[in-house]
Amino acid sequence: MTMPPMIFKKVPIHASAMALSLNSSSTQKEASLHEPMYYLLAMLSLLDILLCLTVIPKVLLIFWFNIKTISFTGCFLQMFVMNTFLPLESSTFMIMAYDRYVAICHPLHYPSIITEQFVVKAAIFIIFRNLLATLPTPVLASRLNYCSGNVIENCICTNISVARLSCGDIRLNKLYQFVSAWCIMGSDLVLILLSYCFILRAVLRLQSGGAATKALSTCGSHLILILFFYTILLVIIFTNKAGKMMTADVPILLNVLHHLIPPALNPIVYGVRTQEIKHGILKFLKYQK
């Protein structure tokens, strides 16, 4: 594994784990947060924690102790978790967009539609959908014949970085990753945009300006996180396509940042903008003292 840019030594990596743990703990302890919307936030925090634990410890080992080796099994396990959990995060944003759509466009039916059973069924659906769609990616990579080298030009075991070490044809690997990523995350993004189109239409029909502002404010946190998540993801895709037009360290830097910035921002944005979570965190901290 090669070493990523040294800028990461200045990044407060521990902030991600601390913020996520605090958010998850407060949701679990505070009874007022035991509602479907907060279960979705807890699910998002859990995915962020798992993604951080998959990527960041190895990056820290490279920086702090110069330990660049990784086992074959460990590399493919990291690849599988990243390829599965990153689309799961996108799907969670999609369910949260549907939650906001029902809350604003059909407020009277919200308690009967967005229930705990709905959250459980939605979680099971996106888990099985993403597992079935992403499992072939590491399977295809493991079937390649690796004979050209054992140094990955990355600090993370991404599918293409590993596949480039093989002597065989990797066009199928590239094609499947492209198709599966756009089918899952692309469809999620389309559904999110459709949800917000309906939300915007409903808000514009409101006669009261105060009611419209209040309705849009409930979507503010969600929109901020979606912008961060998909903007960095799109930048990674475009920089990878740019190839030799920029240094190889740029995609590596963006890849690690994509596993670091959203997990650190998600609990902070929701904790600051959502009064119930803010009160739950303060209550949890007072309880710990």
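Heads up, the Cβ atoms here are built off N, Cα and C, so glycines get one too.
Residues or ranges marked as domain 'G-protein coupled receptors family 1 profile' by TrEMBL: 15-270. The transmembrane segment annotation in TrEMBL covers 37-64, 76-98, 118-135, 179-203, 215-238.
The largest share of C-beta pairs under 8 angstroms with the transmembrane segment (37-64) comes from 76-98, of the ranges 76-98, 179-203, 215-238. A Cβ distance under 8 Å defines the sequence-distant neighbours of the transmembrane segment (179-203), meaning residues of its chain 6+ beyond its ends; these are 87, 90-91, 93-94, 97-98, 100-101, 104-105, 129-130, 133-134, 136-137, 212, 215-216, 219, 223, 226, 230, 233. Mean pLDDT, taken over the domain 'G-protein coupled receptors family 1 profile' (15-270), works out to 79 on the 0 to 100 scale.
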